[in-house]
Amino acid sequence: AAVLQHSGHLDKEHLGAHVGRLSRREEVWTMMNSKYSEFLPSVQNREDLVAEVEGLTMDIDLLKAAIENEVQQDLNVALTEFTELKQQLERDSVVLSVLKKLQEFDTAMKEFSTALLEEKYMPAAQRLEKARSSLRNVESYGGFELRIPKALHKELTVQEQNIIYQLGKEWQKLIVWKLPHSKGSSSLEAVVLSELHLHTVPRQGGDAAVPPVAAVLQALAVVGELRYKLKDFGQLLMEYILKPLISYPSLEPVTEEQPDVFILRFRSQELALDEFSPVKVFDQIKLIFEVLHKYLLNVPLEEPGKGGKDGRVTLAELLGELIWEELSNCLIHSCLVHSVPSSSSQLEQYKEVIESTKEFEKALKEMQFLKQDKTALLKYACNVNFHFANKKCQDLIKAARKLMTSEIHDTVKITPDSSTAIPELPSPGSGDHPKTHRPSNLLDSGTVNLGSESSLSQSTLSLPTCRISSSVQQLVELAYNTMEEAKTSTKFCCLQLCNCVRDIFHVFCEVVPKYHRENLQKLPQLAAIHYNNCMYIAHHLLTLGHQFRYLSSAVLSDCGGTFVDAVPDFKKLGMECFLAQMQVQKRGVLDRLWSARNFSNMDDDENYRAANKSMKQVLHQLKGLGTVWQDVLPVHVYCKAMGTLLNTALAEVVTRITALEDISAEGADRLYSLCKIMVDEGPQVFTPLLEEDKNKKYQEEVPVFVQKWMTFKELMIILRANLQEIVDRWADGKGPLAEQFSAAEVKSLIRALFQNTERRAAALARIK
């Protein structure tokens, strides 16, 4: 029963579910029917529209076919006709424009002719420019083979030349130059005969609105001829007025105004100034431009693209553009350059020139002759320190070069007591220099203490007595004066002057050896003087920078500080020249000894005479050399040089005699006599001083200066000694003979002087 009951219950549930599904299906079906009933009318409407569209498409296709077949052909024909009409219209428009321009040209030319006949030059020039513009427009149209523009262009050229000719005549009436017959001459006489007449003075009762000069000038500007006229005028103005005023200080401009003309001429002052005065020159040139501005240049002109507002410029501006560069260069190189001070003390006075230059440029700018940015003159004048330094250095180099190329043999005597004419310098203890650079007490006293009782002499570091060229003394004085002037100059000038002093000494090293080369090689005295000159300059260069160390230490530091670095160069220059002369003299000594035939075979009288002659020639050469060097070289240099040359002769004689293999007794005596000539007369070549009694001291000190002197005297002893005396003087290598000769040389002399005996062999055995 429970199962049945449960089964019944399930059937009820299935039945209920089935009934529910059926009810939902019915609802869906009902909804679909309603939607279908709504959709069906819209479908029918769309089908109707499709049918209409298809009908319209067919109509369009029919219309398109009709257009392509009928209308397109008509359209092409119309387009072709339109193009032809357009081209015809363009040609007609061009022809019409050309005709209008030709009409304008004709009208302008007629008005031009009328104005030219009435001497209305400005309207005539404007009408001519209008005609030129019209003809230019006609020629600008392409594609036309018109013959008429060529004819019109020819007519325009003819009329243009006509007005230029008329304006040229008017220009010649306005500006008249009365020049001397010899054109191109810029002499003072020709300038005095020159005159400028300006017929530009306004006539009383005339038309003040358009003065004749303005009309002519404006017309010239319009036709493009004004610049050519002004260029010619500017050249004449420069040649006969401006340049003469700059070049001839005696000229004075004279102006004269008459009712219808203004006259400008010159007169020459009787008392002419030798120096150029820039202030006077500026005033005179300013006067010239003032009268030109008043009677000629103050005319406004129409020049588009030129000048200031509205393209208007004045005649002064145009003239300034043409001649200012040449005028400024002339003022600088012919006036201002001569006014540059030659000494630093005149620099303060140059302010007047600078102020005058400033006023001159200002006046020209006010007259519109000079543009505002043009300041060439003022820049040059304000840069006076630079120009002063350059001019001063050029003058110094020129003066120094003149001294360097002067004669060397014009000499002055220098002694330890003499001093160069140098300016007074501040003492090391004075207040003219910074205290931080105060030297040590070593420099404050006149002597340097070496101990409690000894001190150096005042002349310890002085240059020894000798002769130098007076030109070199002046050269050193020039250097000192330049350094003194540098002290009071500006820093730039001081630096330039200090460098100039260095350049002077550098030029000396380059010029003197080359300019005097031949004389220095041939003349021993000039070589000695040149040696002294170099040592004299080197002596002063050692202390030149030190003496001025407190004057401008910063500047001296910039230019090298001192001149000590040049000292070795000068010493080398002097030594090279003197040593070259010594080599020449040495060769002369050796050449003369060469004729002695090696001092061999003195038994032959001819050989003896040749040797005797050569010895005397050597002594004659040395005595002559000693004479030309006397009172020229310092004593110690003189003695050292003469000792070197005499030593060369003695050494050559000793070498040749010791080289002999056989010396006879008579030959030995003759060799002794030859050597005695050298010993007796050799000291006489030492004559460094003019006083004979003072030379004896140096003649007695010959062994000090001649290295081979004792060797030569020992040779003389050997030539007259016997074997025992020779052995005794050898003294087992400790005697005076051993100090001068080697054992081999002594043995060679013994073999040459003595025959081969047992005594000679014994003596040779002891020489070792």
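Note that Cβ sites are derived from N, Cα and C of the backbone, with glycine treated the same way.
Residues or ranges marked as domain 'Centromere/kinetochore protein zw10 N-terminal' in TrEMBL: 25-109.
The annotation domain 'Centromere/kinetochore protein zw10 middle' is assigned in TrEMBL to 167-404.
Look at TrEMBL and you will find 417-444 tagged as region 'Disordered'.
Summarising the annotation, TrEMBL assigns domain 'Centromere/kinetochore protein zw10 C-terminal' to 462-589. Confidence for the domain 'Centromere/kinetochore protein zw10 C-terminal' (462-589), expressed as mean pLDDT, is 87.
Per TrEMBL, the feature domain 'ZW10 C-terminal helical' maps to 613-767.
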Using DSSP, what's the helix, strand and coil tally for the domain 'Centromere/kinetochore protein zw10 C-terminal' (462-589)?
105 helix, 4 strand, 19 coil
Counting each residue once, how many in the domain 'Centromere/kinetochore protein zw10 N-terminal' (25-109) are helix, strand and coil under DSSP?
85 helix, 0 strand, 0 coil
